[in-house]
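Okay, so here's the structure we're looking at.
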Amino acid sequence: MYSAILFPFTCYFVMTGKCILMEWEILSVSSTSISLLVLLDPIGLSFSNVVCFISACVLVFSSYYMAGDYFLSRFIWLVMMFVLSMNFLVFIPSLISLLIGWDGLGVVSFALVIYYQSSKSLSAGMLTALVNRIGDVMLLLAIGFSVLQGHWNVLFMWDTELSVLVIFCILVAGMTKSAQVPFSSWLPAAMAAPTPVSALVHSSTLVTAGVFLFIRFFPFVSSFHGFSSSLLFVSVLTMLMAGIGANYEFDLKKVIALSTLSQLGVMMASLGLGAPYLALFHLYTHALFKAMLFLCAGGIIHNNSDIQDLRCLGGLWGQMPLSVACLNVANLALCGAPFLSGFYSKDLILESSLFSPCNLVMLFLIFLATGMTAAYSVRLSIYSLWGQSNHRPLHQNFDESGEATWPVVILALISLFVGKEMQGLFVEFNCSYVFPVSYKLLVVGVGLVGVWLSVMAWRSPVLTENQVGFSFLSGFFSWMWFLVPLCTQPVVKGPLRAGGEFFKYLDQGWFEVGGGSGVLFMVKEGSRGSEFFQQKLISFLVMMVVWSAVLILFWVVV
């Protein structure tokens, strides 16, 4: 209902381009004032509208997916707090007040990831929380370095002596929130959350917070000449790592999570190319079809006895035709198939990369990652939808209920028909790209090559066996270039082992002698020894007195 009410205002602001800035001064110390700002502009209102619309679809799907959960009301409240934190982040342009939504996203995401109370969920939640705390610390440092400005308003930032440090802190904060290399390991781990949460987190809320932060700060951060090249390099590495890793993954939700990581790299690449509104447009289209993709995956998992392994699925087109059709639409939009919503944004970003002054290696990596996107999308469809049925014995077929299908159908219709209209609203065509026909067909050609490679790999038993088996190369790609073990085991194993050694040699060793317990023992033993000495001394003196008296008496008598 909130999304429906907000939609006319969003259309008005987008059509007229108006902005309303409201400020409430909370505290003023010397020349620095702390104030709460609220900005109503086309970017914030449209983003909030997309977030709330996707949240409504996810909540309706949750009533079906989690119908048997005893704590469903608690889950609904957590999701609502998550959406509220995202709205705070969207509408507040002040760097210091931004922490309300920024930290709210981090805290509530931890509570949602550990919703299924198990050791795996707890480890995934801790990894998510700790990696995001790096971004929180960087944002706090940026707030401290911005004191020279005399304010924290994003819209009026100007160049100072510490601007480079502020931009660096904002860059690292956005990279951690949007899971760019080397902070990417938490994104697949967050799949321990319920599937509706994954649909919300990986489409329009937590992972897009870093991209939205860069879009808000873009006039300020783009003034630093090294920002664009650094962001482009990191984003291309993220796209390549996620695209190759998804082709080695067999967990249904993790494949979709890695596709999210790849598309976040596309958005960051658009920012690195100097096109923030194009990144915002791709963020909107990606949010819609990625939420649909996760909801379809949730329906498949729910109707297949909670099985997420692609090798245990197959032949789903005969069991769940509507979900399979929507899943194929989402996969085609993800690949950038012509005239779907993903095509209008992704094709423009790739053409911008061809038009930009990038070197040949960077362009090759961008288009290689694009081909990997088509490859893992077709691989997902082959294994789960079109391949041979590999279900467990006595598998039961379920009917697709209305609560599970109509949110997916609405998202599918939007992904099919709204891309062209959204392009005209959010992208300003102030320049024209003139390419040869071969360059124009390069994007579609790279996707077709990726599809061909995926089909050939599926039909080749040698490649399939090498993919299923474990080797150094498969471990390197499936573990995200070893970022997953590097961000968990070395960070935890060393301190735990050192703590055990300290406990053994200090707490149970030298501290037993020189610590509180040892000192108490020494004092007790000392007092006990002095007491024994005093008793012996008194006995000796008494005996001396007695013998002296006896001797004196004997001498007197004699």
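The backbone N, Cα and C atoms fix where each Cβ goes, glycine too.
All TrEMBL annotations are machine predictions without curation.
The domain 'NADH-Ubiquinone oxidoreductase (complex I) chain 5 N-terminal' annotation in TrEMBL covers 27-75. The DSSP breakdown of the domain 'NADH-Ubiquinone oxidoreductase (complex I) chain 5 N-terminal' (27-75) into helical (H, G, I), extended (E, B) and coil residues amounts to 28 helix, 12 strand, 9 coil.
Feature annotation from TrEMBL assigns domain 'NADH:quinone oxidoreductase/Mrp antiporter transmembrane' to 94-369.
Across all of the domain 'NADH dehydrogenase subunit 5 C-terminal' (376-554), the predicted model scores a mean pLDDT of 74. According to TrEMBL, the feature domain 'NADH dehydrogenase subunit 5 C-terminal' maps to 376-554.
Sequence-remote contacts of a segment are chain residues at least 6 beyond its ends whose Cβ falls under 8 Å from one of its Cβ atoms, and for the transmembrane segment (43-64) they are 2-3, 6-7, 9-10, 13-14, 72, 75-76, 79, 83, 86-87, 90-91, 194, 196, 199-200, 203-205, 212, 215-216, 280, 283-284, 287-288, 291, 295, 298, 302, 401, 403-404, 406-408, 410-411, 426. The annotation transmembrane segment is assigned in TrEMBL to 43-64 (among others).
Among the features that TrEMBL reports, transmembrane segment is placed at 71-92 (among others). Through the fold, the transmembrane segment (71-92) approaches residues 36-40, 44, 47-48, 51-52, 55, 58-59, 62-63, 98, 100-102, 104-105, 108-109, 111-112, 115, 194, 196-197, 200, 204-206, 209, 212 of its own chain, all at least 6 residues removed from its boundaries and within a Cβ separation under 8 Å.
Sequence-distant neighbours of the transmembrane segment (98-116) (same chain, 6+ residues past either end, Cβ-Cβ under 8 Å): 75, 78-79, 81-82, 84-90, 92, 122, 124-126, 128-129, 132-133, 135-136, 139-140, 143, 177, 190, 192-194, 197, 201, 205-206, 209. Annotated transmembrane segment per TrEMBL: 98-116 (among others), in sequence order.
With a cut-off of 8 Å between Cβ atoms, the residues of this chain six or more beyond the transmembrane segment (137-158) that come close are 21, 31-34, 37, 39, 93-99, 102, 165-166, 169-170, 172-173, 176, 216-217, 219-220. Summarising the annotation, TrEMBL assigns transmembrane segment to 137-158 (among others).
The transmembrane segment annotation in TrEMBL covers 199-218 (among others).
The annotation transmembrane segment is assigned in TrEMBL to 230-248 (among others). Within the same chain, residues 171, 175, 179-181, 184, 214, 255, 258-259, 261-262, 264-269, 271-273, 358, 362, 365-366, 368-373, 375-376, 379, 454, 457, 467, 474, 477-481, 483 sit at least 6 positions outside the transmembrane segment (230-248) and bring their C-beta atoms closer than 8 Å to a C-beta of that stretch.
The feature transmembrane segment is assigned by TrEMBL to 322-340 (among others).
Feature annotation from TrEMBL assigns transmembrane segment to 360-382 (among others).
Residues 54, 56-58, 60-61, 63-65, 285, 288-289, 291-292, 295-296, 299, 302, 322-323, 325-326, 329-330, 333, 339-345 of the same chain, all 6+ positions outside the transmembrane segment (403-419), place their C-beta atoms under 8 angstroms from a C-beta of that stretch. Annotation source TrEMBL lists transmembrane segment at 403-419 (among others).
Sequence annotations record features per position, and here TrEMBL assigns transmembrane segment to 439-458 (among others). Here the transmembrane segment (439-458) has long-range neighbours at 247, 335-338, 346-347, 350-351, 354, 367, 370-376, 378-379, 382-383, 387, 464, 467, meaning same-chain residues at least 6 beyond its ends whose C-beta is under 8 angstroms from one of its own.
What TrEMBL lists as transmembrane segment is 470-492 (among others).
Summarising the annotation, TrEMBL assigns transmembrane segment to 537-557 (among others).
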Other parts of the chain folded back onto the transmembrane segment (199-218), taken as Cβ under 8 Å at six or more residues beyond its ends: 43, 47, 50-51, 54-55, 58, 61, 79, 82-83, 86, 89-90, 93, 102, 105, 109, 112, 135, 154, 157, 170, 173-180, 187, 190, 193, 231, 256-257, 260, 264, 267-268, 271, 276, 279-280, 283, 286-288, 290-291, 294-295, 298
Beyond the flanks of the transmembrane segment (322-340) by at least 6 residues, Cβ under 8 Å: 259, 263, 285, 289-290, 292-293, 296-297, 299-300, 316, 346-347, 370, 373-374, 377-378, 380-381, 385, 400, 404-405, 408-409, 411-412, 415-416, 419-420, 443-444, 447, 450-451
